[in-house]
């Protein structure tokens, strides 16, 4: 869903990318800073129950996912290393978000069920990325699916924010169910996406 908005978002990031390049900041540095920042914010904020603050801080660093590629294009660099680094570090950022949520439910959230569901959402999210990466290593394409990385990030961070605001009284208390509902959706959507991509690869292999 959100993949269709990447081109427009890249234009928004252009001025920031230009400013960083003028400051002699490299795309790789932006990638590392973004990943380390997102991981730290997710693993510090979410386990502590800082659910309405955490998503804003994580999102701030996730912006680098658009910036590094934008900067590389402006420099005329389309290196395999840059693509590999970006894709690899993205997995750490994604894992940190769901690990942070699992730790929240294992601590302040006090729910074994939702701790397990957060772990399941993490596993299926990683599986969707692995299936695509493996397919591409075989010169095949597996970008299909109802839950891309951008979709997973949006759903998870918005749900965490809503639950956090409900916990502090900014939203009606029943809105605390937003995060559990999102975990159910992400687990199911992740499983479906894995199947969709496996089917796509199977068909490509047989064609």
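Glycine is no exception: its Cβ is also placed from the backbone N, Cα and C atoms.
Quick look at what Swiss-Prot lists:
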- 90: active site, proton acceptor (ACT_SITE)
- 28, 29, 30, 31, 69, 73, 79: CDP-1,2-diacyl-sn-glycerol binding site (BINDING)
- 65, 68, 86: Mg(2+) 1 binding site (BINDING)
- 65, 86, 90: Mg(2+) 2 binding site (BINDING)
- 21-44: transmembrane segment (TRANSMEM)
- 50-67: transmembrane segment (TRANSMEM)
- 88-106: transmembrane segment (TRANSMEM)
- 112-131: transmembrane segment (TRANSMEM)
- 152-170: transmembrane segment (TRANSMEM)
- 176-195: transmembrane segment (TRANSMEM)
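Counting other Cβ atoms within 10 Å of each Cβ, the recorded positions 28, 29, 68, 90 show the lowest value at 29. Same-chain residues lying 6 or more positions outside the transmembrane segment (21-44) and placing a CB less than 8 Å from one of its CB atoms are 50, 54, 57-58, 60-65, 67-69, 71-72, 74-75, 77, 82, 85-86, 89-90, 92-93, 96-97, 99-100, 103.
Counted as Cβ pairs under 8 Å, contacts with the transmembrane segment (50-67) are highest for 152-170 among 88-106, 152-170, 176-195. Long-range neighbours of the transmembrane segment (112-131) within the same chain, counting only residues 6 or more positions beyond its ends whose Cβ lies under 8 Å from a Cβ of the stretch, are 90-91, 94-95, 98-99, 101-102, 105-106, 142, 145, 147, 149, 152, 156, 179-180, 183-184, 186-187, 190-191, 193-194, 197-198, 201. Over all protein chains present, the Cβ of residue 86 (Mg(2+) 1 binding site) has 20 other Cβ atoms lying within 10 Å. Nonlocal intrachain contacts for the transmembrane segment (88-106), taken as residues 6+ away from its ends with a CB within less than 8 angstroms of a stretch CB, comprise 31-32, 34-35, 38-39, 42-43, 45-47, 49, 51, 54, 58, 61-62, 65, 112, 114-115, 118-119, 121-122, 125-126, 129, 149, 152-153, 156-157, 160, 179, 183. The two recorded residues, residue 73 (CDP-1,2-diacyl-sn-glycerol binding site) and residue 90 (active site, proton acceptor), show a Cα separation of 19 Å. Separation of the C-alpha atoms of residue 31 (CDP-1,2-diacyl-sn-glycerol binding site) and residue 68 (Mg(2+) 1 binding site): 6 Å, rounded to the nearest whole number. When the recorded positions 68, 86, 90 are screened for a Cα within 10 A of the Cα of residue 28 (CDP-1,2-diacyl-sn-glycerol binding site), the ones that qualify are 68, 86. The Cβ of residue 69 (CDP-1,2-diacyl-sn-glycerol binding site) has 21 other Cβ atoms within 10 Å, all protein chains considered. Here the binding-site residues are 31, 79; the one with the fewest Cβ atoms within 10 Å of its Cβ is 79. When the alpha carbons of residue 69 (CDP-1,2-diacyl-sn-glycerol binding site) and residue 90 (active site, proton acceptor) are compared, the span between them is 13 angstrom. Less than 8 angstroms from the CB of residue 30 (CDP-1,2-diacyl-sn-glycerol binding site) sit 20, 64, 67, 68, 71, each of them six or more residues away in the same chain.
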